[in-house]
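Here's the structure, in structure tokens; my notes come after.
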Amino acid sequence: MTFNKRQVKINHWPEKNDKEKQKYSKNRETVKLTLLTLLLLCSICFLFLTLNFPFTIEFTASIPRTCDHNFTVYVYDLPKEFNIGLLQNCRHLNIYTNMCPHVANNGLGQPLHRGRTSWFSTHQFIAEMIFHARVENHPCRTYEPDTADIFYVPFYGGLYASSVFREQNLTKRDELAVRLVNYISGQRWWKRSNGRDHFLAIGRTAWDFMRSSDTDFGANMLMQMPRVMNMSVLTVERQPWNGDNHFGIPYPSYFHPYTSAEMVTWQDKMKNVERPNLFSFVGGPRKGLEKAAIRDELIKQCAESSHCELLKCENGGSRCHNPMTVLGVMARSRFCLQAPGDSFTRRSTFDAMLAGCIPVFFSPHTMYTQYMWYLPDDKRSYSVFMDEKNNTHIEQELLRISENEVVQMREIVIDLIPRLTYAHPNSTNYDLPDAVDIALEALAKQARDNVVVSL
């Protein structure tokens, strides 16, 4: 196989007579000045509101679809303090960044193109908002709780957790989660199975909700509460050893199609794009972490290889925050290296698969123990695993994989794209199961198999 660095580009007022002009000139100037002042004030107010409260929570109903799944889901209408009320403080929902642009458009973020678009600059920790918007418009939603198979509790727990991450008063850090659990466990429908048919969807990792009594790393105790342990908790990263009620859902990427045709067009494009690079790495080094060593090694090997494209992310580098730049690197590559980041999992994995790039993992907890609802049982069919302890020469190992194997693996990766993608909440003519459909189907099956109802 030959590889090179060739780039692939994926009305005016009518005038009055002189007498009228003279008579009203002074008044007219006063009116003009007043109007201009009002216009300026309105513009300033509009700009302020746009920058500070740009979110839209408009669960606009799409064209009605038939429920093609064998389940119904009930959505609790929670007090606003548990979800959309949090967005009023969007500038302070994250200690590192202003989240106002990111909570716009029901969590999809800012559009990457003008007009109606399916591409957005979506924040990696915003899945809970997108999930909420999708379920609100889901064809299998029921407004009759007595007919529901599963019950969705739309708590924006991730956004709340990140807003109080540095709160030293642990009681205050936990208080909203505690109020939520007290509220939901007091509902009639909780009592029919003690919450075992209820679920949360959280956009952050499970570690942010598992503070024990003797440790404090910024987390709250939501997932440690006994009543929550009865529920199913969907999260972008589960605790892989003891999180029996944790279920991994994909990190949101940038593509949220309105129609099935858009998805199929994208898949065809990824099947046919030229991939001049054997492999690539998008990421930066880590300090003070066990995972730092493998990251440093990946950066080193990629930088030294003529077959690897490196997009190094340091000090919040803007290129790494440009979705099209990131996807461009991945679409030019056959394999994409996926080292653990601050935790085991990475949004980059889902960006890579969206770009049709075969992921290479160095820890089983980056993918294999996380997203079982979404992936084939045969891990080797869509990915490569290299144990980080084996000091593997990455380029040599990847070159051992035959061209036919690469083609087959890439086809499976591209076939997986729809189920790893969050369709647009207002999608129309979209009949491919997306990330939300997959999760709801699995939750309903689990409830039917395991829940004993008593009222």
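Numbers here mean position along the shown chain, with the first residue as 1.
Cβ coordinates come from backbone N, Cα and C, glycine included.
Just so it is clear, the model here is predicted, and its values are computed rather than measured.
Mean model confidence of the topological domain 'Cytoplasmic' (1-34) amounts to 45 (pLDDT, 0 to 100 scale). Feature annotation from Swiss-Prot assigns topological domain 'Cytoplasmic' to 1-34.
The transmembrane segment annotation in Swiss-Prot covers 35-55 and is backed by sequence analysis.
Taken from Swiss-Prot, the feature topological domain 'Lumenal' applies to 56-455, supported by a curator's inference.
Secondary structure at N70 (N-linked glycosylation site), as computed by DSSP, is coil. Per Swiss-Prot, N-linked glycosylation site is recorded for N70 (among others).
In sequence order, the list of same-chain residues 6 or more apart from N169 (N-linked glycosylation site) whose Cβ falls under 8 Å from its Cβ is empty. Residues or ranges marked as N-linked glycosylation site in Swiss-Prot (evidence: sequence analysis): N169 (among others).
Look at Swiss-Prot and you will find N230 (among others) tagged as N-linked glycosylation site. DSSP assigns N230 (N-linked glycosylation site) to a helix. Applying an 8 A CB threshold to same-chain residues 6+ apart, the list for N230 (N-linked glycosylation site) reads N194, G195, R196, H198, N245.
The N-linked glycosylation site annotation in Swiss-Prot covers N390 (among others). All chains included, 9 other C-beta atoms sit within 10 angstroms of the C-beta of N390 (N-linked glycosylation site). When secondary structure is read from DSSP and collapsed to three states, N390 (N-linked glycosylation site) falls in the helix class.
Sequence annotations record features per position, and here Swiss-Prot assigns N-linked glycosylation site to N426 (among others) based on sequence analysis. DSSP assigns N426 (N-linked glycosylation site) to coil, not to a helix or a strand.
Cβ neighbour counts within 10 Å, taken over all protein chains shown, single out N426 as the most crowded of the glycosylation sites N70, N426. A gap of 46 Å separates the Cα atoms of N70 (N-linked glycosylation site) and N390 (N-linked glycosylation site).
Under DSSP, N169 (N-linked glycosylation site) is assigned to coil, being neither helix nor strand in the three-state scheme.
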